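Participant: I'd like to ask some things about the structure below.
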């Protein structure tokens with residue numbers, strides 16, 4: 001179970017083997033620590049040392065996401081000391097395995113972009129432009145496959161160039177299905193200046209915590225990436241693996257709640273150079289993302305949740321690095 005603690009005046013405490021949630025000092029709920037897989041903190045409040053210790057003892061991640069859609073911190077049990085996996089991960093930076101994985105991440109991302117546009121085209125009468133952009137996006141898959149499996153440092157610029165072209169075409173089609181009132185003209189990344197980008201950023205932050213957990217449990221180093229180059233303090237491997245899941249989990253969810261008017265432009269306000277999501281809209285988005293993570297699809301002939309697929313991909317990456325088990329990025333046809 002993923003537990004969300006939001007709003008103001010909330011506190012998280014411990015009672016025996018339970019996590020207790022309070023509001024303005026009054027107990028409002030409690031849960032057995034062993035039943036919690038992760039806690040998302042999205043409001044203003046506090047957490048006791050005893051609660052943190054109990055969470056760590058039960059291997060429960062505690063993740064704080066601020067209103068800008070940035071992960072402020074992630075608290076977890078001590079790192080799993082899997083030296084063999086990490087050693088192979090570092091060695092892979094100097095050989096063809098790094099290029100193989102970098103290509104796999106981007107190929108899966110582009111395949112999912114193609115899939116999302118296919119879904120959009122099926123549900124709309126005016127779909128010619130979406131189909132046109134989908135075909136352009138699809139062409140980039142072949143370009144990725146043609147790149148040599150060599151050290152990622154030697155092909156990174158080529159991979160990112162192809163990824164950038166595909167993303168430009170994808171976001172152009174994405175924008176075409178949104179009402180003009182949203183003023184969405186393309187993906188802007190961090191520092192969102194419009195409501196849709198702020199929703200995307202927040203949604204990505206929610207699944208980023210899932211990616212961290214997958215990498216941690218697989219014994220991998222989150223700061224040693226293959227597609228995204230190393231930079232001090234940057235969790236490059238987290239940004240690598242999340243590329244496979246943005247479209248199916250977050251992009252589709254944001255499109256759904258916006259186009260169904262479950263969220264309106266009135267649910268946002270300017271705060272300095274940022275667009276701030278009001279609490280009601282933020283709660284709705286988090287609930288929809290968590291519902292998506294818990295929903296199940298057919299994957300390798302099994303009915304499995306998106307959360308478990310994310311865990312599987314981390315383990316598969318570790319198996320590829322240590323045992324040569326082929327790594328295939330996660331993607332769907334639709």
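Backbone N, Cα and C define each Cβ position, glycine as well.
Among the features that Swiss-Prot reports, Mn(2+) binding site is placed at 163, 228, 243, with the record citing sequence analysis.
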Participant: Tell me whether residue 228 (Mn(2+) binding site) sits in a helix, a strand or coil according to DSSP.
Facilitator: coil
Participant: Cβ within 8 angstroms of the Cβ centroid of 163, 228, 243: which residues besides those meet this for the Mn(2+) site?
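Facilitator: My list of surrounding residues reads 102, 105, 106, 109, 159, 160, 227, 239, 240.
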Participant: Across all the protein chains here, work out how many other Cβ atoms are within 10 Å of the Cβ of residue 243 (Mn(2+) binding site).
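Facilitator: Neighbour count, Cβ to Cβ under the 10 Å cut-off: 22.
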